[in-house]
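In TrEMBL this protein carries:
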type: DOMAIN; residues: 2-129; note: domain 'Response regulatory'
type: MOD_RES; residues: 53; note: 4-aspartylphosphate
């Protein structure tokens, strides 16, 4: 099963990938460091889950980052589960707006702090991976 991590900080991405490896060695983790790389990857692959950093190192505000990328992803793949991985309140607010536009709920399973535990990831994975089914997606909408 593929998991895509979109994170511009190599150390943060490495640490999260190690947590996933600790949880389940069979997971195939892919790391990209920009929205463009993520979109390119998604054109050719079908991960089970995408984890998005909020601030992807861009300097033009909230338009070329995690929330904007989540919007683009859901326009073409509305059932793909996305995890917010950010401590920034501004980014969480921007993600909240995008999640609302796509009728997605935000909860402890899909909104993680940067310092996330293996236990939280383990408890979130069943919820997130079940989210892909149309029945589950319909049941968690507003």
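Every residue, even glycine, has its Cβ placed from backbone N, Cα and C.
The average pLDDT the prediction assigns to the domain 'Response regulatory' (2-129) is 92. In terms of DSSP secondary structure, the domain 'Response regulatory' (2-129) contains 60 helix, 21 strand, 47 coil.
Within its own chain, residue 53 (4-aspartylphosphate) has 6, 7, 8, 9, 12, 65, 66, 85, 86 as residues 6 or more apart in sequence whose C-beta sits under 8 angstroms from its own.
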